[in-house]
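Some notes on the structure that comes next.
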Amino acid sequence: QRRVYRTTTHVPWELGQIMDSETFEKSRLYQLDKSTFSFWSGLYSEVEGTMILLCGGIPFLWNLSGQISGRAGFGPEYEIVQSLVFLLLATLFSAVTGLPWSLYNTFVIEEKHGFNQQTLGFFFKDAIKKFIVTQCILLPVTSLLLYIIKIGGDYFFIYAWLFTLVVSLVLVTIYADYIAPLFDKFIPLPEGELKQQIETMAKSIDFPLTKVYVVEGSKRSSHSNAYFYGFFKNKRIVLFDTLLEDYSALNKEPAEGEDGENEETKSKTKNKKQGCKNEEVLAVLGHELGHWKLGHTVKNIIISQMNSFLCFFLFAVLIGQKELFAAFGFYDTQPTLIGLMIIFQFIFSPYNEVLSFCLTVLSRRFEFQADAFAKELGKAKDLYSALIKLNKDNLGFPVSDWIFSMWHYSHPPLLERLQALKDAKQE
């Protein structure tokens, strides 16, 4: 794929009508930089993980956690307390070692190509907030999961799976209402033509829409997105302001003397993002709602939970194997949290790669089906132009090696999606 980025320097003839040479070159350089960064960050991650294993980093951190919890008055019998200290230290270590890579990605690569809208202060405030929120969720959930495994008896894997199912459903339900607003500002889409058209389209396919929000994604990045969330009869749609031509802060000049949050947003007027017109936004939403109407969301949840149940069952089979713990430096103890880490992170690694590939293939199939659903709504022409605009705004490179594309792309390549829409558009 890197060879494709380096050698494809001219717009292929089949792209001549949808991409100019300037945008093509920008996207090529952007993706080449991202590919280089991905290689080096991935290599570092592998070296770091290997050194931790070879040098006994996991048992060292476990023993350190025991010393810390012991000083707080919790002896070895308080395994869950020691596990939470271990988890806190491990996530802190991961956050610190990953910080330079995140800084480089945001303030060098994204900045260079005109996507970053953050200041350094906003970045660190955001990172600290994310770490705190993550711990507030991770530590209580982990402690309850370990407790269930401890008292669950022979069928603990069933109770553990049910617990994680409930937690995942709760998090999906509350995320957009209570967690996401901690990081981004959500405002109701103002009354007007776009909102009326969205409500009309939702009603035409029996989508139980209750609210439509616009999120200020432009204060963090100029990439755009849209999604829906909620269960049963309480569904909501969220649109990034960068998706909307009429709402994106990147299409507006900052007013003189602006203060407050806007001081943390660096408007890069030289790289304005066009966004989509109302008809194109509706076409994009028609695609997203197609995922709901065709049951893709439910199917993904079922697949995820089937996989989760299988993993917990295999964990129950393997957890008694002392050789697994000994291989990772635990000769005298078999902590439950360490068992979860060994089995889920290392033993299941080859299986997870195969599963990820299968889900990627399925995702591409779902994307084609959602595009076809938008076509049935009469949105083929607008979705066609929206995909071109979004690809341009996000500097997506439309040429890919077929093996790389097959393994990595959860969405079909742009040309394949446009070709599938072309006949309907011409009609």
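The backbone N, Cα and C atoms fix where each Cβ goes, glycine too.
Predicted automatically and left uncurated, TrEMBL annotations should be read as such.
Database features (TrEMBL):
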| type | residues | note |
| --- | --- | --- |
| TRANSMEM | 37-60 | transmembrane segment |
| TRANSMEM | 80-104 | transmembrane segment |
| TRANSMEM | 131-149 | transmembrane segment |
| TRANSMEM | 155-176 | transmembrane segment |
| DOMAIN | 188-423 | domain 'Peptidase M48' |
| REGION | 253-273 | region 'Disordered' |
| BINDING | His287, His291, Glu367 | Zn(2+) binding site |
| ACT_SITE | Glu288 | active site |
| TRANSMEM | 309-331 | transmembrane segment |
| TRANSMEM | 337-362 | transmembrane segment |
| ACT_SITE | Asp371 | active site, proton donor |
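Structure coloured by features recorded in TrEMBL.
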{"residue": "His287", "record": "Zn(2+) binding site", "CB count, 10 Å": "24"}
{"residue": "Glu288", "record": "active site", "CB count, 10 Å": "18"}
{"residue": "His291", "record": "Zn(2+) binding site", "CB count, 10 Å": "20"}
{"residue": "Glu367", "record": "Zn(2+) binding site", "CB count, 10 Å": "21"}
{"residue": "Asp371", "record": "active site, proton donor", "CB count, 10 Å": "25"}
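For the pair formed by Asp371 (active site, proton donor) and His291 (Zn(2+) binding site), distance between Cα atoms is given as 9 Å, rounded to the nearest Å. Close to the recorded Zn(2+) site, the chain also has Glu288, Gly290, His296, Phe366, Gln369, Ala370, Asp371, Phe373, Ala374: residues not among His287, His291, Glu367 whose Cβ is within 8 Å of the site's Cβ mean position. A mean pLDDT of 84 is what the model gives for the domain 'Peptidase M48' (188-423).
Below 8 angstroms of C-beta separation, residues 79-80, 83-84, 87-88, 91-92, 95, 156, 159-160, 163-164, 167, 171, 179, 182, 336-337 of the same chain, each at least six residues beyond the ends of the transmembrane segment (131-149), sit close to that stretch.
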